[in-house]
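Q: For reference, TrEMBL lists these features for the protein:
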type: DOMAIN; residues: 265-448; note: domain 'FtsK'
type: BINDING; residues: Gly282, Thr283, Thr284, Gly285, Ser286, Gly287, Lys288, Ser289; note: ATP binding site
Amino acid sequence: MVARVQLTEKDKKFIEEVMTAGWGRPGLDYWTVARLALARSLQQTTAPDPEMFPILSVQDEGIQLHAAQLIGETKPGDDDYSDVYRALISVYEGRDLFADEVAFHAALQRHVRRGLATMATEWASGTDLNHYLLQDLFTDGAQNGEVAAELGDQVTRIMAEMGVDGRLVRTEQGPRLTRFTFQLSQLDDLNRLKRGEEKLAFGLGLGDRAATVSSAPVERQVLVDIPRAVSQWRTVDWNDVKGSLRSDEARAMTLPICLGTNVLGAPLLIDLAEAPHLFLGGTTGSGKSMTLHAILLSLLALEAPPDLLLIDPKAVEFAGYRGLKNLLPPGVVTSVGDAFTALNGLIEEMNRRQDAFAELEVRDLAEAQAAGSGLRRIVAVIDELGDLFMQSDDIQIPLIRLAQKARSAGIHLVLATQRPEAATFPGMLRSNVPSRVALTVQKGAESRIILDEGGAENLLGRGDMLVKFSGRQIVRAHGARIQPSDISGAVG
Ligand SMILES: Nc1ncnc2c1ncn2[C@@H]1O[C@H](COP(=O)(O)OP(=O)(O)OP(=O)(O)O)[C@@H](O)[C@H]1O
């Protein structure tokens, strides 16, 4: 009889997602992904938990793979690797599977299903699958898995010392931190655990890496995020995330921007048109410039990119964009005088647009475009707002005007500074720029200037960020690394 490996409907869907969203090849054979899953499961040092992966029968819904496809069983000659797998899986099961065919195929099924489940938590759809396979699955996946399991035990023990009774239900590895989900037995445990964040970091010897506790969207479950040491981070490159700009989520947005990934490695998108203006702050080396590049590359990836006004008092960061066709005159602005002229020019454009809207009897740019006006959105990006303010405080006058009124005209501001201070982000500007990105800052006071609350002083640099998108809850994210070739490739 031909041996079959039964998988669930959910397994089948995940395999299809890997083939479609991961490789863009929906026609591949299911066993291609199932073989990778088997490899992933065999990287873990224990046998799959029979409670989590109960044996399925061939009558269940889902798909069946032939053992011949998966491990070459009964294939003639050298193609039959089934004895190799029998020997290997016997070690996991602690018994001789050469003597028990049924038990061997049951264990094989469990390994494939565990491998698929593990891949589903590690690989975020929309990110580069090949990068994941190389980095996580083959290079250091097994090692990461073991280290994470050990860390999970340690966290559970420290929680018990604090008097918190938690059962570890899930471990997920993001690019830079490991997230543990715990089921708490008592409601009071949540507060105890939140108050104990510092003790937890101390007990784990995290140094200046802060552990964070937040409630999960599931009854009595909490998320405990433990940042790994920088040497254990997985770099997310622009190539890994830029595909998300073609996703359905991005297509539903007007000016989709990919800032990098969320803490679990899924691309993080925001709509700049909804923002409608963005303030970014972070100390030198925090990854502020890379974040600005991510914003610009996102905009340039649009089918109809907006016109850009780039102001760069340091005259270095935006040099690579000089050749852009959609750069507003006079090109990359570097002096405060030219910045004044350019921003006042935007105010004139805003007023002209509002007159045009009145004539067309429309309310905003989207309606004007629908009415065939041909007007394009404009995004003004200022790197180092602090330098402009140092040269002239009056620069705030056109900026406040624009922040207050430019939204409906389709003009958006992205303002960045190394020195987030009350003077560089004055009240009138603050109240009209509701979306904020905080990269690592030196003091809690700077975090409060950017986000209206502390936290950014505990970030870990290199694009580690907190994003507060117009009134929504703050989320942590990690920026993508942008290489000069990404910029030259986009500028053309
Ligand atoms: N997302 C990222 N992934 C990996 N490394 C990063 C990332 N963002 C920044 N870095 C590292 O940090 C360095 C500083 O980044 P960046 O130039 O963006 O910082 P900055 O805040 O603009 O600093 P400055 O104001 O001094 O230019 C980069 O050269 C890079 O090595």
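For all residues, glycine too, the Cβ spot is worked out from N, Cα and C.
What you are looking at is a predicted structure, and each value in this text was computed from that prediction instead of being measured.
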Q: Which one of these binding-site residues, Gly282, Gly285, Gly287, has the sparsest Cβ neighbourhood, judged by other Cβ atoms within 10 angstroms?
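A: Comparing Cβ neighbour counts within 10 Å for the binding-site residues Gly282, Gly285, Gly287 gives Gly285.
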Q: Under DSSP, is Lys288 (ATP binding site) helix, strand or coil?
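A: It is helical.
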Q: Among the binding-site residues listed here, Thr283, Thr284, Ser286, Ser289, whose Cβ has the fewest other Cβ atoms inside 10 Å?
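A: Counting other Cβ atoms within 10 Å of each of the binding-site residues Thr283, Thr284, Ser286, Ser289, the minimum falls on Thr284.
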Q: Identify all same-chain residues not among Gly282, Thr283, Thr284, Gly285, Ser286, Gly287, Lys288, Ser289 whose C-beta atom falls within 8 angstroms of the centroid of the ATP site's C-beta atoms; report them in sequence order.
A: Gln418, Leu439, Thr440, Gly461
Q: Just how many other Cβ atoms lie inside 10 Å of the Cβ on Lys288 (ATP binding site)?
A: 25
